[in-house]
Number of protein chains: 2
Amino acid sequence: MLRGNCLVAQSGGPTSVINGSLYGVITQALKENSFGKILGGIHGIKGILEGKIKDLTEVSMDLLEKVKLSPSAALGSCRYKLKDPRESTEEYEKLFKVFDENNVRYFFYIGGNDSMDSAYKIDMYAKKVGYDIKVIGIPKTIDNDLMHTDHCPGYGSVAKYVATVCMELALDSAVYGTGVINVLEVMGRNTGWIAGSAALAKEKIPDLNMLIYMPEIVFDEEKFLNDLKKAFETNNHLFVVVSEGLVNKDGDYVFNRKNSYKKDIFGHIQLGGVGDYIEQLIKANVYDKVKLTRLGFLQRCAMHYVSKTDLDEAVMAGEMAIKYALEGISGKMVTLVREDGPDYRCSTGLVELDKVCNYEKKVPLEWINEDGNFVNNDFMDYVRPLVVGEAEVPMHNGLPVYTRLF
Amino acid sequence: MLRGNCLVAQSGGPTSVINGSLYGVITQALKENSFGKILGGIHGIKGILEGKIKDLTEVSMDLLEKVKLSPSAALGSCRYKLKDPRESTEEYEKLFKVFDENNVRYFFYIGGNDSMDSAYKIDMYAKKVGYDIKVIGIPKTIDNDLMHTDHCPGYGSVAKYVATVCMELALDSAVYGTGVINVLEVMGRNTGWIAGSAALAKEKIPDLNMLIYMPEIVFDEEKFLNDLKKAFETNNHLFVVVSEGLVNKDGDYVFNRKNSYKKDIFGHIQLGGVGDYIEQLIKANVYDKVKLTRLGFLQRCAMHYVSKTDLDEAVMAGEMAIKYALEGISGKMVTLVREDGPDYRCSTGLVELDKVCNYEKKVPLEWINEDGNFVNNDFMDYVRPLVVGEAEVPMHNGLPVYTRLF
């Protein structure tokens, strides 16, 4: 029995494996054979509002396999905030007209906090107006800051990338045997999950002299400089990892260059640049030879080096979204559940969308060392299995074969 | 018949495959079985002057295989300029005392321009004082700027990395379907070999709107802005690659922030930062949404993604250095020779060290388009085969197994 069409879209900043979830949704939908058409929304809710919908029902498996192993969001993305339907219904009327015209009865939204907010509002409005649709959120974020899921698809790959980059930069800068302080600026907005993953490099290079500063710990300039001076005295080849979202005791971002305070449409402050500030601070107070690396967008699109565990779980989250929807579930996000036991195994669960949207999961303080400048073994136990395995990206004449659907 | 000991050392900035040449030297030396000991100089000539020499004769093949696939210089490196022996012999007396004490009769120096300068002076001094030693230079530089060799070990890997990063960043930033100008700052000092390699990304993503600015073409701010405005009008998803060493019509570096003019000991100006300048220029004159990525040291140590062709050739250069030395050759650098014929094949040759040191090979002007903002097919034919193939770095629990010898 065909139960109407399903629509899938992607939203927010891409991760290296966000297309894994798209692949999971489409391939599982094809397998279930329960839908009329499988539709893709181009540029997320924003594009859907404009009627930008592409029929993916006949898309070849060959192309889907390439999509799975391509960086960025293959359907395009958006940063678009739906209004509260209790305040204004205009957008929703437009959106549900598009849904109705396309007989959309299942909607899958792959995204982070803000995307879950949109999914939640769509589900709420549908219930209010009696439009029969199942809405399922599929988590993605390199920041790993979604609540009620053990971790987020996208995080394992950025952790693997960051740790490897730390190893490579540390070895590279050690060649002269002279003093040098590496500064690596990583993303993560208000949480230290990405910064903490750098500690994996120290497990591989035990004499690596590394300090990690995360937004969970108030940044105190004096303590920071004392930490560095002490560490540098012991070993003048020092590696400092800083999260873009470090905050001081007043709750302000440490890096407050005026134009860094432009807010995006969600009210988030656009970050970036804390590395330059830290570099100057170190040069003026600790040591003159500083090598700054700002990973920027590289860390969220390095498909050439993703974690296979992460990619597999991204696919699983997409597949399970289809299964849950066909069970009649709506208004929930798929979660990743870490099974008990000595070996790492991951299954899925569900959580209400409104328990996810607009919250942020921080690194537990008990996973951070007493000095507030490194993570402890609980964090390591958590992150270690997430980076395992390599995915084989199709290559042609030495370069990857990437694709997209829009 | 044993003919004394051989000594190998590394110098200058590492490349991703500089340890491939070290591996080639050591494994070929072991194979030839003609030397007493195989010695490694730690931290290049600087360390050797201090007697920092390690016996590698008994090093295991297992460790050597790991060294081959490790980033950075496994013996450490230096930036050290030997004085002209016609002006001062003090250093040379010290150096040759170390050579003599260790019965060094073969010296292999893996490096770029400046390292070839050191090798040349050592060979010259040895001949003058009648010390029997064969000195062979082995090229390495991501900059690809050594004369009389078709290309340099290290270049193929950075070209592969830069092109892939361009593909990933271009796809990532295209997701919103809104205007954006990517700026990628790459290394290359005074030549555009690295910047030009970004054009490989356009072969894979034909609608990529890309401009490339190289030091071979005088940077004219007005023309640059006009280029960008024109290109942006056609397609508002624009990708601009800039070489760190862009110069203006007066021959000055475009980016002349005061503290960027600190000179290193070779009199080279320490570059970096041109990307920030270009970013501001574009924001003020073309479009406000600019995404700047400065690859920095990442591009020379990304062992997790090297070109197999490049790695194999780095090994070959090391192996051939041993063979040439045993033929009695001295005072020369191994070169890579591109064979004639439709398929890419590479062999080795030799060139006098003094024809290499202190020269720079620029990108031929006839390989750059008329507008001076992209490369043409001659450049593409040149670079295409150099990025082919992937090397399998040993992995453990999702992270690479890297090592070093000091």
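Here the Cβ of each residue, glycine as well, is placed from N, Cα and C on the backbone.
Note that TrEMBL annotation is computational and uncurated.
The record from TrEMBL ties A:T141, A:I142, A:D143, A:M187, A:G188, A:R189 to substrate, and of the options A:E58, A:E65, A:E87, A:E244 it ties A:E244 to that site too. Mean pLDDT for the domain 'Phosphofructokinase' (A:6-301) in this predicted model: 93. Per-site Cβ counts within 10 Å over the binding-site residues A:I142, A:M187 peak at A:I142. If you count neighbouring Cβ atoms within 10 Å for each of the binding-site residues A:N113, A:T141, the highest count belongs to A:T141. Listed recorded positions near A:N113 (Mg(2+) binding site): A:K140 (candidates A:K140, A:M187, A:G188; Cα-Cα distance within 10 Å). Residue with the densest Cβ environment among the recorded positions A:D114, A:E244: A:E244, by other Cβ atoms within 10 Å. Excluding the listed site residues A:T141, A:I142, A:D143, A:M187, A:G188, A:R189, A:E244, the same chain places A:N144, A:D145, A:V186, A:T191, A:W193, A:I194, A:G245 with Cβ atoms within 8 Å of the centre of the substrate site Cβ atoms. Across the structure, A:D114 (site 'Important for catalytic activity and substrate specificity') and A:G13 (diphosphate binding site) place their CA atoms 11 angstrom apart.
With a cut-off of 8 Å between CB atoms and residues at least 6 apart in sequence, the same chain places A:G112, A:C152, A:Y155, A:M187, A:G188, A:R189, A:T191, A:W193, A:I194 near A:D143 (substrate binding site), listed in sequence order. If you compare every pair of Cα atoms in A:T141, A:I142, A:D143, A:M187, A:G188, A:R189, A:E244, the residues listed for substrate, the longest distance is 16 angstrom.
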